[in-house]
Amino acid sequence: MRLMMATGLLLAGLGGPLAAQDDNPNVEARQHHMDLYSYNLSILGAMAKGERDYDAELAGAAASRLHALATLDQTGYWPEGTSSEEIDDSRALPALFENMDDYMNLTEELASAAMEMQNVAGDGAEAIGGQMRALGGSCGSCHEKYRQSDD
């Protein structure tokens, strides 16, 4: 009987934290979107660093995907109530939701940097490396303002 009561109390106490961990489709969608950015950036970054053989076709495809991702309408990813202070699975700081216009401007800058990457992707690893700085800077400017740090 005591074991059942203790188990019941334990489970009742975990109800809040377990509910906060529920998967949110909006958060999952934006996280997968960011994973796709990372995947394509890693291809280009590895070529720029010489960690992967340069392949113009693959570089062009990765750059095209980055541009497509950057121009995709992301407004559905950011509903109220999905900041890092409101749900456990989110790394989006509340400031993002308070400054959505700035965030959208940053995504436009990312789209421009991705378009320029498309323009240079066929010009070799060195050209990719030069544009990676601009592309990474665009990503970083948003992350610095609006993404919860890992620590």
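Glycine is treated like the rest: Cβ placed from N, Cα and C.
What TrEMBL records for this protein:
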- 1-20: signal peptide (SIGNAL)
- C139, C142, H143: heme c binding site (BINDING)
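Cβ neighbours within 10 Å of H143 (heme c binding site), excluding its own Cβ and spanning all shown chains: 15. Other Cβ atoms within 10 Å of the Cβ of C142 (heme c binding site), summed over all protein chains shown, number 17.
What surrounds the heme c site, by Cβ distance within 8 Å of the Cβ centroid and not counting C139, C142, H143, is the set L106, L110, S138, G140, S141, E144, K145, Y146, R147 from the same chain. Neighbours of C139 (heme c binding site), defined as other CB atoms within 10 A of its CB across all chains, total 20.
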